[in-house]
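Participant: Provided herewith is a single structure, encoded as structure tokens, for subsequent inquiry.
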């Protein structure tokens, strides 16, 4: 049996199900590039049949990612599988992941089929997927609550049909480690063709057991672990891949396995996912939380000063947690910025150098010394902006007293510059009133967050909002050294997304009318 554990990331599919507002194709591609840098073996890019947006995301990621295998999910339905293959075909090699429910409650109450029918559907799905690729994964949904005899039968049939990865999900996070490890061990003992497939696990965190269950499965012989960055996902979330990575590294001698991950990319990847998904990381989160490497107890601090190994089982550097000052000023050239981006592992296709450099110069003029996290934040935010944004903030002035604030703005609306002033309960409220008046959009804010993206008083501030417009949710983000400006950028991000959606709807309607 191999001692390498394959890492299967489903942040862009299962993880996205936890978000209030869907990620854009650009945002998903950014995350995919980060996962590729991290060394993830398989990236589950989406569920193509679910929406045109998901189809386009999978297709785009399959086109651009070269060093990780791209996978798409499909039900055990012919059309699902065909659409998944169509989205993936631009990749040099790809995986189709098809699934069907196998637990008694799912088979009887959801599918309303006999178990014989379910086995036949699973077999046909695998055979259909094999027409497109020799890399097929089959999942037994709710395997954790499936009678073991039925599970063994389904696994054997799927392998005979051509599945070379068999996934055993604890879909509702019901099992505990000894129990789940026992399920995996039983499959190895009772399924005669088990040696022809890699056994994978996909554990949810409803009882807080997802990581522990995954490790128990690895000890029992599983050689693929599925999960998400920061453990994001439906309900209580998924198995946290950064925790799996550091467990397998820190306890490698005991467990006897390893991964191909570049663990020093963990912090950067975690931060990006948190930022784009607008999901803050709890401070005491293992591995990537703000307090993960903090020591406040006097006894602990004394021990750390004498020998870090007294209270530190891994180093901050092992996950890439380090801040290096850039020796760049506003007088530095593009080549210097590009050289530093290269040293951080970013490819030229991941950012526009001219845009990044222009933003860098503005920031350097404001705060002087620029750090890695500043440059990365500028890059990620620049990637969210579109050159064809209809609304652009040209000027902002704020006068604020103890109670009310007055804001004046100049907003570029297409080719026309418009001016507006408004009074509000604070500068952000006044700014938003100006923008509402000039754009005419009636938007309901569901969530508004401000977070620091650097250190010190002159650091960057990020504004994240979730807005509701005509029953649809939109996510907007803004970044600036001034939090009021960042707040305005976040709202304009939303309004430009709405404007583009309205334009597309109008074009579609005109086509229908013409026909």
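In case you wondered, yes, glycine gets a Cβ from its N, Cα and C as well.
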Participant: From 189, 230, 238, grab the residue that Swiss-Prot records in the same Mn(2+) site as 14, 202, 204.
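Facilitator: It is 238, as the record lists it for that site.
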Participant: For the domain 'Pyruvate carboxyltransferase' (5-267), report the average pLDDT of the model, please.
Facilitator: 96
Participant: Would you mind checking how many other C-beta atoms are within 10 angstroms of the C-beta on residue 14 (Mn(2+) binding site)?
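Facilitator: Residue 14 (Mn(2+) binding site) is surrounded by 24 other Cβ atoms within 10 Å.
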Participant: For residue 14 (Mn(2+) binding site), just give me the three-state DSSP call.
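Facilitator: SS state of residue 14 (Mn(2+) binding site) = coil.
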Participant: Can you count the other CB atoms that lie within 10 A of the CB of residue 204 (Mn(2+) binding site)?
Facilitator: 26
Participant: Using DSSP, what's the helix, strand and coil tally for the region 'Regulatory domain' (392-515)?
Facilitator: 45 helix, 54 strand, 25 coil
